[in-house]
C-alpha cells in the first residue's frame with residue numbers, strides 16, 4: 001500500500017490537499033461571503049478582508065498549473081451572490097485531493113480517524129483508492145475530526161468534493177453533530193430547515209454504507225485494475241475461505257481480466273471476514289467491493305450478514321437448468337403415458353375424453369395455440385387453470401399423440417439436447433475477438449513466403465542437446481526465435497510499430513510467442529531475445545508457456561513485444577498466414593518441416609533436405625514489400641548457417 005503526504009499531493013495538484021491552509025475552505029463565524037463582480041472583489045481585498053489569504057493564493061494560479069479555473073474556484077470559495085452568515089465555529093472543509101496525475105475521482109476505502117478524535121500532524125486520516133493504487137492521506141497540521149461527510153466505501157467521489165470537516169478546538173466538535181454539507185451550502189438559509197423532514201429520504205444511501213461505521217474496524221477490498229485496459233473482471237476462484245488468516249503476499253483470489261487470469265495478492269495481514277462476490281461472477285466493475293478483511297479474528301462473526309449496496313446488482317452466472325419448465329415436466333417413470341405428467345395420467349380427461357378446463361385457461365390456450373391434451377391440470381379434480389397454461393412449455397415432438405412418447409428423455413424442453421451448446425464468452429476471448437477484428441480492418445496486410453533448409457539447425461540442435469543432457473532441451477522453435485531477433489537487428493524496419501503520427505523503430509527485440517491456452521490465444525514475451533543465448537531462450541519459453549496454460553502470467557509478461565512468432569508446425573500445418581498483433585508491424589507464421597528432394601552436387605544430382613515453409617505477414621504502412629523480403633533473406637541465412645548467429 002502506498003502512502004502519500006498531503007503536502008506532496010498539494011505540490012502535484014494545487015487544487016487539493018488536506019491540511020493545506022489555503023486549500024481547506026475555512027469559514028469564520030459571522031463572515032459574509034460575497035461574490036466578486038467582474039474581478040472587483042479582488043481589487044478591494046485587503047489583508048483584513050475575510051478570506052483574503054485564500055484569494056491571494058488564487059492570484060498565483062495560472063492555466064499552466066493545470067489547476068481548477070480561477071472563476072470556478074472563486075465561486076466555490078465565495079458561494080452564491082447572496083450574503084449569508086455562519087453560526088458555526090471556525091472550521092475547515094477538507095476536499096478530496098488529487099493523489100495521482102490522472103486522478104479525477106476516488107473511493108474512500110477506509111477512515112482511520114473517527115469523529116471527535118484528535119489528528120496530529122503526519123497522522124493517517126483516511127485511505128483513498130485512486131486510479132492507480134490505494135493511498136494513505138495524511139494530515140499536515142493538528143486538528144480534530146468534527147464530521148465525516150463521505151462514508152466508507154463511497155465510490156467515484158470527484159476530486160475537490162468535501163469529504164470531512166475539521167476544527168481547531170475539541171469543544172467545537174459537538175456543533176457539527178447534525179451538520180450536512182447541503183444545508184450549509186444552501187443559498188437561502190430559511191428554506192433549509194423546511195425540507196429537513198425530508199432528510200430521512202437520503203438515509204437509504206447512508207444505510208447501505210452504514211456498515212462502514214456501525215461494524216468493527218475493517219477494510220473493503222475493492223477490485224483493482226490488473227491491466228491497463230481492464231474495465232471489469234471475473235472472480236474465477238477464491239483461494240481463501242471466510243475465517244482464514246491472511247498473511248502479506250498470500251494469494252487471495254484469481255481474477256480473469258481482459259488479458260489473462262491473474263492472482264490477486266493480499267497487501268497486509270488480517271482475517272477474511274466476508275466474501276461479497278461469489279466465484280464465477282462475471283463482469284464485476286472496477287472498484288466493486290470483493291471482500292471484507294478485519295484485523296482481529298474475534299470481529300469475523302459481526303460480518304455474517306454484511307452486504308454493501310454496491311454488490312446488490314451483481315449476481316453469479318445463472319445455472320443452466322431452466323427453473324419454470326422443471327416443475328411441470330417431472331421425469332416420467334412410466335413411458336406408456338403420453339403426457340409428461342405421469343403421476344396422474346387420467347386426470348385431465350373425463351369419462352368421454354372430455355378435458356376439464358376453466359374458461360379463462362381455455363381462452364388463453366386458444367390464443368397461444370396450446371393443445372390442452374398435453375397440459376397437466378393442477379386445479380380441483382385435475383382441472384386445467386390459468387397457471388397451468390402460463391407455465392406450460394410445449395415439447396418439440398407434439399404434432400401427433402404418437403410423437404409425444406419420445407419427450408420423456410430429459411426434462412429440458414426449450415433446448416433439445418444434442419443440437420447445440422451455448423458457451424459463455426470469457427473476457428479474454430472477447431478481447432481477442434476485438435483485437436483481431438481491429439487488426440484485419442485497420443492494418444493493410446500482405447504476405448511473403450519462403451522455404452528454409454533446416455538441415456544444419458537440426459544437426460547443431462542435436463549436438464547442443466547432448467551437451468545439455470540432464471538440463472533443459474533446445475527446440476527448433478528456440479532457433480527460430482533467435483534467428484528472428486537477429487534478423488530484426490539487421491532489418492529494423494520490421495521491428496517497428498505504427499503509432500498513427502509516427503513510426504516507432506524499436507532498438508531492442510522482444511519476441512512475442514503465440515501460445516494456445518484453454519482460455520484463448522495469448523502471447524507471452526521473450527524480452528531482449530537478441531542478446532540471449534539459446535539455452536536462456538529455451539528456459540524462458542518453457543516457463544512462459546507453463547504460466548500461460550495455468551493462467552498465471554503477470555501483465556508485464558504478455559503486454560508489449562515488438563515482433564511475434566506463431567508456430568503451428570507441430571500440428572502438421574505446412575503453411576498459413578497469421579494476423580498481425582497491433583501495434584507491431586510483422587508476425588511470422590511457422591509451418592512444419594518435411595523432407596523434400598533438392599538439387600545437389602553429387603553423383604545422384606539430388607539430395608533429401610528437411611525444408612520448412614514460413615510466411616511473414618507485414619503491415620504495408622510500415623514495411624514495404626522489398627523490406628519484408630530482405631528480412632526473410634536474413635532470417636533464412638541465420639537458420640541455414642546457424643554458426644552466423646555467433647557473429
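Including glycine, each Cβ sits where the backbone N, Cα and C put it.
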Tell me which residue from 132, 396, 604 Swiss-Prot records as N6-lipoyllysine.
132
Considering the CoA binding residues 461, 566, 567, 591 given in Swiss-Prot, which of 475, 610 is annotated for that site as well?
475
Check each of the ranges 227-268, 269-310, 311-352 against Swiss-Prot and return the one annotated as region 'Disordered'.
311-352
Per Swiss-Prot record, range annotated region 'Disordered' [choices 151-183, 184-216, 415-447, 481-513]:
184-216
Cβ atoms near residue 624 (active site) (within 10 Å, other residues, all chains)
13
Round to the nearest Å and give the CA-to-CA distance linking residue 624 (active site) with residue 466 (N6-acetyllysine).
42
Highest CB neighbour count within 10 A among the recorded positions 466, 620?
620
Could you measure between residue 466 (N6-acetyllysine) and residue 620 (active site) for me? Cα positions, answer in whole angstrom.
43
DSSP on the domain 'Lipoyl-binding 1' (91-167): how many residues come out helix, how many strand, how many coil?
0 helix, 39 strand, 38 coil
In the domain 'Lipoyl-binding 2' (218-294), how many residues does DSSP put in helix, strand and coil?
0 helix, 39 strand, 38 coil
